[in-house]
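Notes for the one structure printed next.
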């Protein structure tokens with residue numbers, strides 16, 4: 001089969017005006033970025049206020065291997081399949097960071113015959129939204145140090161500054177840096193760090209905002225530091241929020257692209273799911289739901305992390321609720337969850353993974369059962385999509401089918417969207433349509449008036465399988481501080497590994513009966529959540545020994561080579 005890049009470059013793209021017209025958008029509603037990309041003016045939401053909303057399908061997954069299990073590919077393929085069935089559909093997905101694109105993971109435009117185009121622009125820069133986010137974030141960082149330099153009227157404690165700087169490249173040497181070296185006029189010297197841009201709270205804010213005024217208010221609420229007396233210092237206190245909003249006035253507009261089969265795709269924002277809430281923007285979903293019969297979106301990683309945050313954070317911010325859930329599973333990942341195989345990104349797969357072994361699938365299927373159970377906690381039907389690989393055996397697929405049904409899945413469907421595009425997802429589309437019409441009421445996992453500890457313990461016991469939570473003294477102090485400062489009604493955004501339902505990436509399958517540790521707790525007041533830290537979570541990745549960047553080049557005709 002041809003590479004993703006070859007397939008993408010061979011495709012004939014529709015004019016983006018024609019794609020916009022499929023959604024009922026006029027030339028007044030879009031701003032062109034070349035022939036194949038446009039931004040959508042937010043005024044469309046006022047014009048379409050009285051339009052009925054379409055159905056809302058969210059795609060999640062079992063706990064993935066480091067290679068991923070095809071969730072984005074399934075999302076795009078399902079959108080294409082719905083269009084083939086005569087439904088007006090749109091997919092809404094995240095814009096990828098260039099860090100993973102140049103590292104091990106590669107791009108995030110889907111795969112095979114279920115991709116978003118133009119693939120090169122999608123993976124690299126797009127319309128510059130991530131750069132605008134980085135500029136807004138770094139403006140606040142610069143104004144903090146400038147405030148210290150010019151007298152520190154707010155009384156900021158230099159040892160209680162929590163606002164780093166960001167760059168959208170994986171660069172491990174920037175994890176710990178010292179700024180202000182040189183003369184006195186070069187600013188105060190202090191230790192700080194760089195994070196990758198998509199880990200910025202500004203990214204999470206942009207993804208959760210509902211309009212420009214809301215964006216301005218959220219940016220003003222960012223707590224960047226504390227005074228020596230322990231009082232929060234906000235971006236509003238530093239008079240930075242207005243300029244930050246101006247830098248984001250174009251980035252707030254969702255980007256319109258198209259799938260390989262020419263159906264609409266909205267690409268907007270890209271917060272990480274292990275650090276932030278891991279979903280594309282509220283605004284893209286709102287526009288899609290007013291313009292289409294079906295919106296297909298995705299949540300990051302497995303149901304335990306991305307889907308839970310989608311429901312408890314994103315849906316609360318948007319006021320929207322999913323009609324159906326599609327949960328992606330693969331034979332390969334469930335074999336890995338048996339504990340008999342190790343899958344490492346950038347290394348050859350164990351050849352035994354390609355051998356027929358339904359017993360290994362059965363031994364790893366506890367993860368599938370747990371993720372279906374987690375997804376069902378929120379009250380909507382779950383369709384399990386078996387993302388088929390060429391070396392899967394019918395006996396192995398049957399194990400997935402049986403376990404999914406026993407776990408309460410609404411339906412179980414094989415998906416071939418990687419190899420066949422929308423045509424390979426029509427059965428999945430029919431199942432998703434039926435699931436949207438099934439009875440059931442969407443319900444978040446916990447009420448916001450619970451204490452922060454109660455919310456954390458609800459997550460740990462009901463979702464992660466732990467028996468109890470253990471807090472470090474620092475974490476306990478932070479929780480008390482945030483409650484005292486009036487942040488106790490915020491939802492929880494757990495920062496934990498995506499490679500296990502637990503906090504420990506080595507615990508595969510469905511861990512249970514363990515203690516869930518919270519080592520620290522942090523506040524994202526602008527985004528509107530509290531994020532406890534469970535385990536070692538890095539906000540600045542590093543590059544592997546042989547990063548994908550080594551294979552990427554361009555020929556004399558301007559065609560990109562080696563991008564995946």
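Using the three backbone atoms N, Cα and C, a Cβ is placed for every residue, glycine included.
Keep in mind the model is a prediction, meaning the values are calculated, not measured.
Residues annotated as ATP binding site in Swiss-Prot, with sequence analysis given as evidence: 65, 66, 67, 68, 69, 70, 71, 72.
This view paints the features noted in Swiss-Prot onto the structure.
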residue	record	Cβ neighbours (10 Å)
65	ATP binding site	22
66	ATP binding site	16
67	ATP binding site	17
68	ATP binding site	19
69	ATP binding site	24
70	ATP binding site	29
71	ATP binding site	27
72	ATP binding site	25
Which chain neighbours of the ATP site, leaving out 65, 66, 67, 68, 69, 70, 71, 72, have a Cβ atom within 8 Å of the mean position of the site's Cβ atoms?
61, 64, 330, 333
